Amino acid sequence: MIELKNIEKYYSSKGIKHYVLRHVTTTIKQGEFVSIMGPSGAGKSTLLNILGMLEEPTYGTYEFMEEDVTRLNERKRIELYRNHIGFVFQAYHLIDEMTVYENIEAPLLYKKVGGAERASRIADLLDRFNMVAKKDLFPNQLSGGQQQLVGIARALAAQPSIILADEPTGNLQSAQAEEIMQLFQKLNKEDGITIIQVTHSEKNAQYGSRILNIADGVVKDDITLTAV
Amino acid sequence: MFKLNLKIAWRNLWKNKFYASINITGLAIGLTAFVLLLLYVNYEESYDTWSPELKNVYQVREFHSYSAPDNKQYWQTSNESRIAALLNQNIPQITAVTKVENDWYQNYALTVKDRKSVMIKGIRNADSAFFKVMPYSFLKGNEATALSKPNSIVLKKDLALKLFGTEDIIGKTISIVRWEGDDITDFTVTGIVTEPNTPQSVSFSGIIHTGEFDKHNQNPTMHKYVEIYARLLRNADLNQLNANVQKVYINNLKTTFTNSQSSYADYLKSGNVPNCKLLPIDEAHQNPPFVAGWIKKIKPVSLIVTFLLLISIINFINLATAQSFQRAKEVGVKKVLGSSKGLLVRQFLMETGLQSLFALLICGVLIELFLPAFNQQLGLNISFWSNHKLFFILLQLFGLFLIITLLAGFYPAKVLSNYKPATVLKGTFSNSNKGLVLRNSLIVLQFVISVTLIIAIGAMQTQVNFMNQKDLGFDKSRVINISANYDEKIANDIRKVSGVQYVGATTQVIGNAFAYADKINFQGKKLNLNMVTVTMEAFPALGIKPLQGRLFSPLYKQDTVNTVVLNESAAKQLGGVVVGKQFRSYENVFQIIGVIKDYHAESFDKSIIPTIYKVTYLGGMSANGNLLVRFNSSHYQAIIGKIEGVWKKYYPNYPMNYQSLNDAFIHSLEDNSRFMNMIVIFSVISVSLSLSGLFALSTFVAKRRTKEVAVRKVLGASNMQIVNLLNKSFLHLVIAANLISWPIAYILIKKWLDGFAYRIDMPVLPFIIATITSLIIAVLTVSIQARKAAIANPVKALKYE
């Protein structure tokens, strides 16, 4: 599903190149649950941003579903966002002016899903995450864990094939974090959704099927975990 | 999607109530001024458009100097009456021509049997062709025959109802006394016409037909001036037509010189340009003779109004871009959820549109509130909801709404939709200096406008003070001007009223001046000088004293024959010391007996023209309706009552009209003071809008820099230093604005002052005052917010995050 070849990312200032990523080459198949790990400033988030097409690599090729996306035009990229990619953020990034229901609805509106279909999908998600009673609340009326659940529900609404999560549990207490990780695992196993997450926590990484260890912009280890 | 965006927009507005209300109120005020202007322009544009047939109606304009205030040639609306027949006979495209008496803006006494007389303005005499040219629709009576018999009258519906209370009045009689000495004349009502739905250049409340206008003026040396209107065949080529009109006019003019002393060549030599033209009637209103048309008059106003709207739009843009970081996250998230830039731009434009819409609604309310006052100020009758062009006006408003939304919303929408999700979603993004340069330049622009207006007020006030205090050359207190021609018998009776000091008449007095130039020959020098006829007591009545020589007096026999008094300007033209000298005018010799100070008979935009005063007959030739009465005490209200008693004896059917010269003077300044009032109102609004914008913006900046302020305080900055820090970022903008506005204000004020023949030198004080004022209020405005930021506990700001 994802094919990275020789991805490099650097910023040049005063003639000196500061590398963030070097020679990153890897393949991620449909249905994998990958955790990107490494110390602060290693380039984890940059890699995830490149995977999410939020940043462009300076060099190298990136194929997403057999399509070279490094030179993708805006229109095509938006199409990918609408149909294939769901984002989950550390700071949740729910839209404050929208209720829970409306936040989940937003991607469906962009995807131009019909009204009845929309209502049933949202109802499904609310039901699945036990949020029915909270659907008319605004994000600031929810706890962090609940906000992240809404964030995940929103990412799932468009029925993406891949979820990109940047430290999804970074702002949460451990009990809530565990809940989110179990949810990810379930989504990965039962629904076959590819998940790529950036995490600091060894424990969270264990929920996945593969770990990419990055240090100083270079992939040091690529460990495949066998299911327990 | 739209519904959701609308909801978000509403929630955002509610969250930022304070800024939103500043935006919306500001915009509403700017819009109100603009819409009033729009209504006014629509009103003026609608003149003479009430019937499609008016496309073929033309006003005749002769280029002549008769009755012009400064003896120069103008395209006048009143023409030699013979032109009417001349055009009718020689221009084949003309189907009908009508002669109408000038509107003297005079009250006529109308009496219906068994009812009280009423004073009515706008009763005009016309020939029988009037309704063949003017396409009025008849409610009662027959258009073709209404004016065919002498002594008939056609009324507008309003007047008919006022006089009779009913429309069934065909054949009834109205008795009319037109001028104070006239006999009662009975007119038979032959028609009622509906009031057209747009204003008319040829306005009237009733058209009378005495028959006098049907006759051809037979005496070639007698000139009679009337308004002339012509109806043409469809699709006449105006250029070609006017070439013909001019030819016909000049050919005729040449023939009029055959039996008089001067020749056509002389006429040309003295600088006259003979010309005559047809003007489409819908252009008549915007091209009045003597004064500037409404388009020119309204120019400075429209400029100010546009600036006002601009200021409120600037507030909008500034607050929106300053606020934009609040929305950055939303933009980032929406982008990764699959929103395109176009969709985001549309969303933000819609938010702006929502605010403009609110502003427009408030504006609608404000218009309803202010329209009556506006109408009263300008003497208009504009309505909004019952305007016959309502649809057109609403269309204009919709256009305005779109333009404002785009102007105010496009840039912020562009800034917002350009945010990159990778930067804004990292979590550390709190603000950017995006749009800072634009924001600062917009603030400068706002203050340039405000400071320029403040300077303008100062300069205008100085000129107004100058005009109010200027020596007019005559004493305007304790004098009234009765509109009546001089009659020695009545004058003598008025003199007998105790408290009356002098009774005189002149054709040159403030409020009603009339200029007529005559040729003189002074020691071989040929000159054209303004001639004014006065009565013996005119100068004492005006409180004018001689500078050299003496004034007219009944003691000298020749004063009623051939002596003259000059004003200073005329004396200067003749070489200074002129008393005792003589000049010739035609075959007569005149002796100069005195010189008086120049006195003002017109508003200050006109210079006093060199004038010769003479008393030709004992009573003077002052047939211009100025009967001046000077009192010996300033409590003269009771004396006027007694004079009215005298008046009644002579003119029982005609009430006395009078005005004090003080009022006439105030009236002559009225145009100017109205303009001044408007500038003051607009300046106050524009300054307060600019300040409210600055206030809101400083609030934002203070909020955005909370952390910086906290850090600085922890490092040991005093409150004062913090306030200064925040002030500094705005203060240099205000100073820059002042520097820019000085030259602009200088040029504008100079231009305005140049319109006055009597004016002050460019004042310096307003510039200084405006600068100091703008700096002080800017500092005060910013300091309110800066102080709040400065005294806040730094721990709070630093703990957060």
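The backbone N, Cα and C atoms fix where each Cβ goes, glycine too.
Annotated in TrEMBL:
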TRANSMEM  B:20-41  transmembrane segment
DOMAIN    B:22-247  domain 'MacB-like periplasmic core'
TRANSMEM  B:301-322  transmembrane segment
DOMAIN    B:303-420  domain 'ABC3 transporter permease C-terminal'
TRANSMEM  B:343-370  transmembrane segment
TRANSMEM  B:390-411  transmembrane segment
TRANSMEM  B:442-460  transmembrane segment
DOMAIN    B:447-613  domain 'MacB-like periplasmic core'
TRANSMEM  B:675-697  transmembrane segment
DOMAIN    B:681-794  domain 'ABC3 transporter permease C-terminal'
TRANSMEM  B:730-749  transmembrane segment
TRANSMEM  B:764-784  transmembrane segment
Exercise. Name the range, of those listed as B:390-411, B:442-460, B:764-784, that has the largest tally of Cβ pairs under 8 Å with the transmembrane segment (B:730-749).
Key: B:442-460
Exercise. With DSSP as the reference, give the number of residues of the domain 'ABC3 transporter permease C-terminal' (B:303-420) in helix, strand and coil.
Key: 100 helix, 0 strand, 18 coil
Quiz item: Which one of these stretches, B:20-41, B:390-411, B:764-784, has the most C-beta pairs shorter than 8 Å to the transmembrane segment (B:442-460)?
Solution: B:764-784
Quiz prompt | Contacting positions for the transmembrane segment (B:301-322) when only residues 6+ beyond its ends and CB under 8 Å are counted | solution = 19, 22-23, 26-27, 29-31, 33-34, 36-37, 41, 352, 355, 404, 407-409, 411-412, 415, 434-435, 438-439, 442-443, 445-446, 449-450, 453, 675, 678-679, 682, 685-686, 689-690, 692-693, 696-697, 700-701, 704
Self-check item: Segment-level pLDDT (mean, integer) for the domain 'MacB-like periplasmic core' (B:447-613)
Solution: 86
Quiz item: For the transmembrane segment (B:390-411), which partner among B:20-41, B:343-370, B:675-697, B:764-784 gives the most CB pairs under 8 Å?
Solution: B:343-370
Quiz item: Any residues 6+ beyond the ends of the transmembrane segment (B:675-697) with a Cβ under 8 Å from its own?
Solution: 18-19, 22, 25-26, 29-30, 33, 300-301, 304-305, 307-308, 311-312, 314-315, 318-319, 322, 439, 443, 446-447, 449-450, 453-454, 456-457, 460-461, 464, 730, 777-778, 781-782, 784-785
Quiz prompt | Contact set, same chain, for the transmembrane segment (B:343-370): CB under 8 Å, 6 or more residues outside the stretch | solution = 1-2, 5-6, 8-10, 12-13, 20, 23-25, 27-29, 31-32, 35-36, 39, 316, 320, 331, 334-335, 384, 397, 401, 404-406, 408-410, 412-414, 416-417
Self-check item: Secondary structure composition of the domain 'ABC3 transporter permease C-terminal' (B:681-794) [DSSP: H/G/I, E/B, coil]
Solution: 97 helix, 0 strand, 17 coil
